[in-house]
């Protein structure tokens, strides 16, 4: 490859373009550098949600989906659609791993446990998939009390007080199907940590295996009591639900114990790994625990290449991603993020590949150890900007990929002022890195992977903590290039970058090139 061709892809995670500036931290923040880029350089907008990124129509985008599409250079149809389609066409009920779990419980007169994020947010899971599992259990002949559901309440990708509605919806659906009952509730803050805060994971594990948590007679009361204490869905402390028939199957009918079967129905991997490790790894050292014997543990999708577990929906093998193409052509690349988004610029951007490509360097900066990021809205952006700027000066990379996590991670807290501060921190970091890149002869693309900080308030005035379906920016800086930049989707970014680098676009990338090829090559 031509060593003089260099490109920086800067991802402002959660930096959506607002419909209503009054509720947008992006619009209210003082961001002189990004504002300057809009004034001076060619730009367009990108679709980052729904069908354009392989999600159901109208479904908000997320970081996993966004980075997968960005790296693939095409629309990548996501697990949520694959699973939903399997339920619709009936193949779900013949899925080897799922049927095996149900039959394991039935054959040994043990329990089937279904656990996962309890919402229709569509980012980590979907309740329709849980209902599909209940139907499968019914078809396999499991008794009503033999199927326990452990709800990891959301409140991050959904309304913070939406849990009660989901519980009532579930109870109605379970009654219709004829199997399944809610056995425990805990917020995703505990059950779905991904930053090795093992004390959180341990509290969820103790609830599931020992029943350690406040006891309630019904799940609606359990959640309302949490709300009364000012604790919303994401942060609900462990709660077990009493059952009259608790000893009908096994010694403790709602707990996960020896001989049971578990289906973890989250389809997104990053926040499912820690709890899976606690249940399945013989040499686990995150905390002291007793591991149930003869436990069949099934995951909805592959959570980690190192897990030797039954998987219901294997990952699609994505070939010809941007990283793979550049590596095969002799290019060097850099992937950089803080902990919260490290998997996204590596595993997801590489199409589900854990290992670096030849010539790929990685920069990981630890995220701050705070309970929620509104307490430190700058997160680790200053250190990350320093590290990447230094790397760009010290090595020649064909492609550098950098993610600033702040607008997304702070946006999830619903704290408007903190989200404004997060956007301002990213503006400062972006200035530092972009100026360093331009000094070294890099062209630059500045984008976002989905919306979030563009809407921090609901119409009723309550905090909005979820992602949005907003369009996202696409700004290009390249000497001699004056545009235009056509509007497109995330899957168009990789072929556009290859064109800016003067490289051929592989057949596997069917995304569109959003710049005139002759002008990009000539600049």
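Glycine is treated like the rest: Cβ placed from N, Cα and C.
The annotation active site, phosphoserine intermediate is assigned in Swiss-Prot to 63. Neighbour count (other Cβ atoms within 10 Å of the Cβ, all protein chains): 27 for residue 63 (active site, phosphoserine intermediate).
Residues or ranges marked as Mn(2+) 2 binding site by Swiss-Prot: 13, 63, 449, 450.
The Cβ of residue 157 (substrate binding site) lies under 8 Å from the Cβ of 60, 62, 119, 121, 122, 123, 124, 465, 466, 467, each of which sits 6+ residues away along the same chain. Look at residue 157 (substrate binding site): DSSP puts it in coil. Annotation source Swiss-Prot lists substrate binding site at 124, 156, 157, 188, 194, 268, 269, 270, 271, 341, citing sequence analysis.
When other Cβ atoms within 10 Å of the Cβ of residue 408 (Mn(2+) 1 binding site) are tallied across all protein chains shown, the result is 29. Annotation comment: Swiss-Prot describes 408, 412, 467 as Mn(2+) 1 binding site.
The CA atom of residue 63 (active site, phosphoserine intermediate) is located 13 Å away from the CA atom of residue 412 (Mn(2+) 1 binding site).
DSSP classifies residue 194 (substrate binding site) as coil under the three-state reduction. Of the listed binding-site residues, namely 450, 467, the sparsest Cβ surroundings within 10 Å are found at 450. The separation of residue 449 (Mn(2+) 2 binding site) from residue 408 (Mn(2+) 1 binding site), Cα to Cα, is 10 Å. Per-site Cβ counts within 10 Å over the binding-site residues 13, 449 peak at 449.
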